[in-house]
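Feature annotations, courtesy of Swiss-Prot:
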type	residues	note
REGION	1-51	region 'Interaction with STING1'
REGION	52-136	region 'Required for lysosomal localization of the STING-TMEM203 complex'
TRANSMEM	14-34	transmembrane segment
TRANSMEM	50-72	transmembrane segment
TRANSMEM	81-101	transmembrane segment
TRANSMEM	112-132	transmembrane segment
Amino acid sequence: MLFSLRELVQWLGFATFEIFVHLLALLVFSVLLALRVDGLTPGLSWWNVFVPFFAADGLSTYFTTIVSVRLFQDGEKRLAVLRLFWVLTVLSLKFVFEMLLCQKLVEQTRELWFGLITSPVFILLQLLMIRACRVN
């Protein structure tokens with residue numbers, strides 16, 4: 001079952017442009033990941049592979065701040081605060097997951113076990129389920 005763009009915007013709370021930025025980051029990340037795993041670029045570190053995701057998170061945070069300020073100026077204070085809170089929560093959990101995964105791939109430490117690394121994703125999925133029930 002595929003979701004329409006309207007449903008994705010409604011459930012995720014992101015604007016269409018933000019979804020496009022994250023999909024573009026996923027495409028660039030996939031290319032860099034394939035290059036890194038195949039060993040075609042020996043100087044490419046895991047931190048460089050994850051740069052598209054970090055850039056997309058930064059651009060999305062910047063865009064959300066601008067939209068929230070504009071909503072606040074237009075008198076939509078409640079909507080501005082709720083949107084800012086929701087999107088920053090989603091982006092923070094995504095960013096923590098990316099940082100922990102990248103650190104695990106670089107250092108290969110035993111202190112970072114995969115249950116700890118994926119815990120932000122599970123929290124995010126629970127929040128998305130709650131939001132999906134509230135939206136409908």
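Glycine too: its Cβ is placed from the backbone N, Cα and C atoms.
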Helix, strand and coil counts within the region 'Interaction with STING1' (1-51) (DSSP): 36 helix, 0 strand, 15 coil
The region 'Required for lysosomal localization of the STING-TMEM203 complex' (52-136) [mean pLDDT, rounded to integer]: 91
